[in-house]
Amino acid sequence: VQGSAAGVTVQQIQQIGSTGRERPTIWQGILEWLEKAKNPSDSQKQTRQVPCQVSANSKDGEPE
């Protein structure tokens, strides 16, 4: 998996969350947004998408 957000790579994010406990996925989907053109005279907007997955620590089978 490759990608970055605010200069933090996906691998770094995964390492930050690795506590040895199971982290079940509580949501996954695609984030989508419209990005304005960099040129003010260009009125076209570009659709951007990024796949995301959210996990949480679990305790007694329930997300914390």
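Along the chain as shown, residues are numbered 1 onward.
Cβ atoms here come from the backbone N, Cα and C positions, even for glycine.
The region 'Disordered' annotation in TrEMBL covers 1-22, 38-64. Per TrEMBL, the feature compositional bias 'Polar residues' maps to 1-18, 40-58. Summarising the annotation, TrEMBL assigns domain 'Mediator complex subunit Med25 PTOV' to 22-64.
In terms of DSSP secondary structure, the compositional bias 'Polar residues' (40-58) contains 0 helix, 12 strand, 7 coil. Mean pLDDT for the domain 'Mediator complex subunit Med25 PTOV' (22-64) in the predicted structure: 88.
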